[in-house]
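Working notes, structure below.
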Amino acid sequence: LQFYHILNCEYGKNTIKFLRLHREGKKHFVKEVEVCAHLRLTSPQEYLEGNNSLVIPTDTIKNIVLVLAKKNGIPSLEEFAIDICNHFMTTFCQVAYVKAYVQEVPWQRLHEDGVPHIHSFICVPDGIRFCEAEQCRNGPLIVFGGIKDLKLMKTTQSGFEGFYKNEHTTLPERHDRILCGELFCKWSYGECKDFDFNCIWKKIRECILEAFAGPPDCGEYSRSYQKTVNCIQMHVLSRVQIIEVVLNNTFYNVVDMKNLGLTNDKEVSKCFKYNLTALCRNTQLQSIAAVLHKIK
């Protein structure tokens, strides 16, 4: 006789895409987002018995997300994700767990001769903002923020030397190379939900850029991709509790053009891609006041 235990029976609606338009007189504001909302019910009876009496249809989930966007707007991605979690927890007693993922299309207001346009926008791919909020019934609401697809490059002040070598090593040491990568960064706000999320997200993005590039007049030497990832983590950990950083390494290898009768002084390079992942936790859990004080 065999016994089986269901480990997870979440379900939900993915890729709920919509544009929220807000008007203040003639001036318009837009927020285009993609939402994934997942639920876990108090009983897996729909799986075990085919009893659907507790199941909230995914079409209903989609409509609830759209109605919340209409009624409450999207002051920040995190606040909207919290609204979604709160609605399902307070409206449906059969919901044991809810998770909301929200990511934003990077629309920015169009400027003409330095003048901001009142109703025209341009999509600028300088990193996609996203967030997650999740809650178990009778448990804390946990909020995460993040940025992904942020492409960064510096053309010097980077090297890779002193690494382990054996008979299989063919990689030469380099003290001056291009450092380029596509960044994924996710952090935890813990159980706190009363932040100015927009302000904190902008500050963390600034921290990431500062840690990668260094001072604008001279830069900062990077001894490896790993060291750069750690610098980013340490810079941001003064503001949040847990952070995960993935740097998808774009490696540029200078092309040897001697056979073509040319001298290539690092002007033309081939590119290859790798990735590095790191998860880091701040062991000193901080209060809302402490975090907000450091953000200012």
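Each residue, glycine too, has its Cβ placed from N, Cα and C.
Features reported for this protein in TrEMBL:
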{"type": "BINDING", "residues": "Thr58, Asp59, Phe160, Arg177, Gln226, Asn249", "note": "urate binding site"}
{"type": "BINDING", "residues": "Gln226, Asn249", "note": "5-hydroxyisourate binding site"}
{"type": "BINDING", "residues": "Asn249", "note": "O2 binding site"}
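Location within the structure of each feature annotated in TrEMBL.
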residue	record	Cβ contacts under 8 Å, 6 or more apart
Thr58	urate binding site	Tyr11, Gly12, Lys13
Asp59	urate binding site	Lys13
Phe160	urate binding site	Leu171, Glu173, Arg174, Arg177, Arg223, Ser224
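With all protein chains in the displayed structure included, the most crowded Cβ environment within 10 Å among the binding-site residues Gln226, Asn249 is that of Asn249. For Arg177 (urate binding site), the Cβ neighbour count at a 10 Å cut-off comes to 20, with all displayed protein chains included.
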